[in-house]
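Below is one structure, written out as structure tokens; the observations come after it.
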Amino acid sequence: MLQNVTPHSKLPGEGNAGLLGLGPEAAAPGKRIRKPSLLYEGFESPTMASVPALQLTPANPPPPEVSNPKKPGRVTNQLQYLHKVVMKALWKHQFAWPFRQPVDAVKLGLPDYHKIIKQPMDMGTIKRRLENNYYWAASECMQDFNTMFTNCYIYNKPTDDIVLMAQTLEKIFLQKVASMPQEEQELVVTIPKNSHKKGAKLAALQGSITSAHQVPAVSSVSHTALYTPPPEIPTTVLNIPHPSVISSPLLKSLHSAGPQLLAVSAAPPAQPLAKKKGVKRKADTTTPTPTAILAPGSPASPPGSLEAKAARLPPMRRESGRPIKPPRKDLPDSQQQHQSSKKGKLSEQLKHCNGILKELLSKKHAAYAWPFYKPVDASALGLHDYHDIIKHPMDLSTVKRKMENRDYRDAQEFAADVRLMFSNCYKYNPPDHDVVAMARKLQDVFEFRYAKMPDEPLEPGPLPVSTALPPGLAKSSSESSSEESSSESSSEEDEEEDEEEEEEEEESESSDSEEERAHRLAELQEQLRAVHEQLAALSQGPISKPKRKREKKEKKKKRKAEKHRGRAGVDEDDKGSRAPRPSQPKKSKKASGSGGGSAATLGPPGFGPSGGSGTKLPKKATKTAPPALPTGYDSEEEEESRPMSYDEKRQLSLDINKLPGEKLGRVVHIIQAREPSLRDSNPEEIEIDFETLKPSTLRELERYVLSCLRKKPRKPYTIKKPVGKTKEELALEKKRELEKRLQDVSGQLNSTKKPPKKASEKTESSSTQQVAVSRLSASSSSSDSSSSSSSSSSSDTSDSDSG
């Protein structure tokens with residue numbers, strides 16, 4: 001039907017009908033005369049319709065150039081940072097959408113925009129300039145950013161939303177630029193093989209695409225103009241002779257260019273940008289060849305400059321994902337080889353620390369971690385007093401370098417450096433500063449991950465070593481006699497064992513191979529066996545432990561009954577169970593020194609003189625060894641299940657508060673491991689209610705806290721509880737305890753008041769029965785709450801004590 005319409009037709013109605021697909025007869029008067037008459041006005045004067053369109057088109061000047069063959073560009077470390085870090089952060093921001101493309105004054109109805117703003121700029125243009133290596137220096141790119149923000153502030157009112165959005169983006173821009181490399185260095189870009197051939201093909205392709213995209217810029221809005229380009233567009237696209245080079249998304253985008261060109265676009269440069277993005281994603285997952293096709297940034301770029309720029313872009317993409325490569329290129333080859341050969345295996349805990357470091361440096365936390373990526377440049381930031389206040393600067397890049405060079409021997413050193421970095425920030429900046437809030441946020445991330453630190457495989461080593469010992473040795477060590485020489489020598493042996501275990505932990509963290517670890521384990525096992533043999537030799541003679549245990553359990557069940565039977569029965573009970581008493585303090589010391597690792601085999605420790613419900617929390621108050629710690633429980637089961645008194649819980653709470661920061665993670669781990677209800681709770685917000693914790697959990701915490709606090713000042717903590725108590729005070733305390741005990745006995749057995757006194761005199765008459773007195777005083781410690789005393793019983797007690 002189109003053949004009926006000629007360009008020189010003088011019958012607009014007939015031409016109109018022809019365009020609608022109607023025959024010439026439809027143009028005659030009839031029922032359908034109204035349809036053609038409606039469109040008649042549009043075709044009455046084609047030139048009149050095209051004039052306003054031609055007047056509107058120049059309202060949007062051509063967008064800024066994104067490539068210039070006459071102006072050389074290059075790739076520098078600063079430009080790469082602006083492209084990969086700054087632009088990426090700004091482009092993804094929720095306020096970035098108005099700045100991603102040039103201002104379309106026609107579409108937005110801003111006729112005076114280009115009269116006021118003489119140099120338009122947008123992030124899309126800057127991004128494409130960076131991709132095309134348009135800039136020679138980073139300052140040119142930063143100037144474009146500043147121009148974009150300034151244009152926004154000049155044209156809009158200060159209260160407009162767009163101004164607030166621009167201010168937010170500018171703040172982020174300045175923050176990112178603050179951590180940009182200080183010295184600008186040109187990066188060497190390697191040119192891949194065959195890039196020139198493909199660059200030439202790209203030039204031909206780009207030329208054809210350019211011609212296709214230039215059509216709508218010249219075309220009119222008139223209907224006749226809309227129908228003239230379509231026959232040319234498919235021929236332009238189909239003339240591309242290299243389908244092997246072009247990826248399928250590009251072909252699809254080119255074929256879809258036809259219908260897109262029919263519509264008048266308000267911003268023509270946006271279309272090539274969208275196509276280029278699609279192919280670039282394809283290129284990222286395949287080979288550098290399609291990337292070379294994508295390199296040119298705009299339709300207006302001449303073919304001559306496309307070869308070099310297409311060849312230079314792919315290496316930049318590869319390097320952008322490896323921020324640690326550029327510094328390494330400055331190192332000599334020998335140094336690089338030395339670094340790689342020097343590295344050994346990381347321990348499990350250091351591997352966990354390395355994972356924490358990677359997370360802190362990840363994009364996930366970049367919004368608040370970026371100030372800590374690199375050392376503080378005091379001169380560049382104008383912080384002239386920084387190094388006067390901060391004596392030991394620290395940053396994440398330094399921590400990473402030390403981790404790569406294996407400078408950290410254990411996780412504590414790593415944590416100390418990270419915490420030093422945060423403390424420097426808190427020390428130098430005011431509390432309400434933005435960087436302090438960022439530091440707190442990042443430290444929360446660090447502490448949360450660090451609290452999940454796994455146990456070192458060899459850290460609980462003493463436990464299997466101890467359980468592998470012959471039963472006789474372990475039993476004899478827990479059942480030795482009460483001689484002073486044996487207790488002194490055993491305490492020395494415990495200190496030696498503590499040192500050995502500390503050395504073992506250090507060695508295990510720095511060990512390089514499984515063979516060395518096994519060898520050290522064997523050596524330490526032999527040393528432990530030798531120590532136990534010495535302890536066995538020092539003891540008077542071991543008694544069989546199974547029988548001992550049964551006796552102790554029976555005594556525990558009959559404790560209350562024996563209490564009612566009188567003092568004599570208690571003395572007999574004490575004589576029967578006094579043999580293992582002196583070695584228990586020693587073993588508790590060892591168990592607490594090793595962090596609770598060997599407590600299960602070597603005897604559980606007792607802590608605190610004030611007892612809860614048990615009667616086996618003795619305080620060693622003999623004149624021969626006053627500084628000895630209260631210790632000792634009859635068996636492991638009793639120790640684990642013995643509830644804590646209020647005073648002990650209070651002391652434990654105070655001790656936990658004294659722990660350094662790096663030790664608190666282990667406290668949380670102990671609680672979560674032993675309390676199923678808290679296993680899934682957040683370590684950052686965990687609340688420790690001592691009333692709800694199991695006794696075994698509290699005892700384990702007590703052992704760990706004591707081991708942590710005792711390792712630093714070894715002896716001050718062992719005499720912590722008796723601090724300030726002289727021998728006289730201890731004697732008075734013992735008198736009060738005996739007095740209370742005698743009151744209980746006299747209240748129940750009035751007729752047998754004298755025998756306890758004689759028994760106590762007998763007990764004090766020999767050195768072997770001194771233990772019974774301490775045993776008795778310890779067993780009476782549970783009745784500290786009663787404070788009444790009588791003068792007669794006090795005199796009896798003083799006689800027995802002086803005896």
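Note that the numbers count up from 1, one per residue, in the order the chain is shown.
Cβ atoms here come from the backbone N, Cα and C positions, even for glycine.
Look at Swiss-Prot and you will find M1 tagged as N-acetylmethionine, backed by similarity to another entry. Sequence annotations record features per position, and here Swiss-Prot assigns region 'Disordered' to 1-28, 53-73, 268-349, 456-653, 739-803. As annotated by Swiss-Prot, phosphothreonine applies to T6, with the evidence given as similarity to another entry. The annotation phosphoserine is assigned in Swiss-Prot to S37, S298, S301, S305, S635. According to Swiss-Prot, the feature domain 'Bromo 1' maps to 74-180. As annotated by Swiss-Prot, protein binding site applies to D112, Y155, N156, K157, D160, D161. Per Swiss-Prot, the feature compositional bias 'Basic residues' maps to 545-567. Sequence annotations record features per position, and here Swiss-Prot assigns motif 'Nuclear localization signal' to 556-560. Annotation source Swiss-Prot lists domain 'NET' at 634-716, citing sequence analysis.
The structure, with features from Swiss-Prot marked on it.
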{"residue": "D112", "record": "protein binding site", "DSSP class": "coil"}
{"residue": "Y155", "record": "protein binding site", "DSSP class": "helix"}
{"residue": "D160", "record": "protein binding site", "DSSP class": "coil"}
Original post:
For the binding-site residues D112, D160, D161, which Cβ has the most other Cβ atoms within 10 Å, all shown protein chains included?
Top reply: D160
Subject >> Segment confidence, the domain 'Bromo 1' (74-180), expressed as mean pLDDT >> reply: 92
**OP:** Using DSSP, tally how many residues of the domain 'Bromo 1' (74-180) sit in helix, strand and coil.
**Re:** 72 helix, 1 strand, 34 coil
**OP:** May I ask which residues of the same chain, at least 6 positions away in sequence, place their Cβ under 8 angstroms from the Cβ of K157 (protein binding site)?
**Re:** V163
**OP:** Mind computing the max CA-CA distance among D112, Y155, N156, K157, D160, D161, which the record assigns to protein binding, rounded to whole Å?
**Re:** 20
Subject >> Those residues of the chain, 6+ apart, with a Cβ under 8 Å from that of Y155 (protein binding site) >> reply: Y113, I116, I117
Original post:
Long-range same-chain neighbours of N156 (protein binding site), Cβ under 8 Å, sequence gap at least 6?
Top reply: I162, V163
